[in-house]
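What TrEMBL annotates here:
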- 18-47: region 'Disordered' (REGION)
- TYR48, TYR169, GLN173, ASP176, GLN191: L-tyrosine binding site (BINDING)
- 53-61: motif ''HIGH' region' (MOTIF)
- 227-231: motif ''KMSKS' region' (MOTIF)
- SER230: ATP binding site (BINDING)
Amino acid sequence: MDAHDLITRNAAEVVTEEEVEEIAADLEERSSSGSRTQSGDPEGKRAYVGYEPSGVLHIGHMLGANKLIDLQEAGMEVVILLADVHAYLNGKGTFEEIRETATRMQEQFVAYGLDEERTEFVLGSEFQFGEEYTLDLHALELETTLSRAERAMSEIGSGDSVTVSQAVYPLMQALDIEYLDIDLAVGGMEQRKVHMLARDTLPSIDYEAPTCLHTPLISELSTGIGKMSSSSGVTISMEDSTEEIEDKVNGAFCPAGEVDPEPTEEDEARNNPVLEIFEYFVFPRFDEVVVARPDEYGGDLRYDAYEQLVSDFASGELHPADAKSALARYLDSLIEPGREKLMEQRGG
Ligand SMILES: Nc1ncnc2c1ncn2[C@@H]1O[C@H](COP(=O)(O)OP(=O)(O)OP(=O)(O)O)[C@@H](O)[C@H]1O
Ligand SMILES: N[C@@H](Cc1ccc(O)cc1)C(=O)O
């Protein structure tokens, strides 16, 4: 697979396609001249994802991490920002609590396949309290209206009303891209408004507009409303046991035949999380997905592409109960190796 395909596979969108093509062309050129993955190279291309530290990684977080693994393969240097100050500004706990969970999160990324030697882990507080950063932040504050900052936070902010800290948050996220010297900012689709704000405002303080890549979102498991998240709803975490995975997947929202479920009466959009997890998390890792079925119900179903599975689901050939039991099995096999490693590390 060439650099462009590695960068863009399983992405929901890139902003802009031309800019990504330029990054890919540069990586290809460096690879053919033999100067590919030297870390610390000032000419190297760098990508990052930022996470508010939370107790345990969930499968939604892994979409960004898997993208970073693709980008490493394409020859990019990758950075994971453990955004402790951002989590604090977003009301996620005391600073001490957040710091502790940041260490746990780093351990988990490594257990789940990010090569420690080739991944730079950075805590936000390591550079966000510097004088230059603070002055740049104030300069961005002068360039941004409160309503724009508020809109950027509409899918990220916790709590009912926006606090001043949450208006500062997206401006700091924009500045991080500059201070970490990032060529490609990666995040889930709910980060796009912050990234658009960064593209619009960074040039006004003489920094470049960042190139961005957004990964799809996995919905909350039991209702299909909103995104799966660490702080609320039913979430498949990377530390769940086999039984926990089975129970959660069994209770997942997965109406028979409904690929695009109707919105609720309150007009909230709904998705089918079982299908989403197959599409974004399982199919990218397996050449073939087998749904086991007793012979009296027609025997096993085999799929080598998500589109085949979804078409059988829509026609009724694939029943939700069979889809769920297959999903639980595949999830467990993807989660097991890291779960074991973490247990060993913790002496369990
Ligand atoms: N359900 C999800 N599906 C896909 N990506 C996700 C999901 N949840 C979080 N991410 C991605 O993980 C990164 C970090 O998100 P974040 O720290 O807000 O996770 P979270 O679980 O929503 O946390 P919290 O609920 O505490 O806000 C972002 O790039 C985000 O897009
Ligand atoms: N906004 C991200 C966290 C983040 C913070 C700072 C960044 O520079 C990047 C990402 C989230 O919703 O979790």
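Positions of Cβ are set from backbone N, Cα and C atoms, glycine also.
Nobody curates TrEMBL annotations by hand; they come from automatic prediction.
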Neighbourhood of ligand 2 - binding-site residues from TYR48, TYR169, GLN173, SER230 with Cβ under 6 Å: GLN173
Long-range environment of the motif ''KMSKS' region' (227-231) - Cβ separation under 8 angstroms, sequence gap at least 6: 54-56, 58-60, 92, 155, 158, 188, 190, 217-221, 273
Across the motif ''KMSKS' region' (227-231), average pLDDT on the 0 to 100 scale: 92
Closest of TYR48, TYR169, GLN173, GLN191 to the residue listed as 'ATP binding site', Cα positions, binding-site residues only: GLN191
Entries of TYR48, GLN173, ASP176 (binding-site residues) sitting next to ligand 1, with Cβ under 6 Å as the cut-off: none
List of residues, in chain order, with Cβ under 8 A from that of TYR169 (L-tyrosine binding site) and at least 6 apart: HIS86, LEU89, ASN90, ALA149, MET153, ILE156, GLY157
Pairwise C-alpha maximum, in angstrom, for the residues (TYR48, TYR169, GLN173, ASP176, GLN191) that bind L-tyrosine according to the record: 17
Helix, strand and coil counts within the motif ''KMSKS' region' (227-231) (DSSP): 0 helix, 1 strand, 4 coil
Residue counts (helix, strand, coil, in that order) that DSSP gives for the region 'Disordered' (18-47): 15 helix, 2 strand, 13 coil
Secondary structure of ASP176 (L-tyrosine binding site) (DSSP, helix/strand/coil): helix
The motif ''HIGH' region' (53-61) - residue tally per DSSP class, helix then strand then coil: 3 helix, 1 strand, 5 coil
In three-state DSSP terms, the structure that TYR48 (L-tyrosine binding site) belongs to: strand
Structural state of GLN191 (L-tyrosine binding site), classified by DSSP into three states: helix
Residue with minimal Cβ packing [other Cβ atoms within 10 Å] among the binding-site residues GLN173, GLN191, SER230: SER230
Intrachain C-beta neighbours of ASP176 (L-tyrosine binding site), sequence separation six or more, cut-off 8 angstroms: TYR48, GLY50, LEU81, ALA83, GLY124, GLN128, ILE182
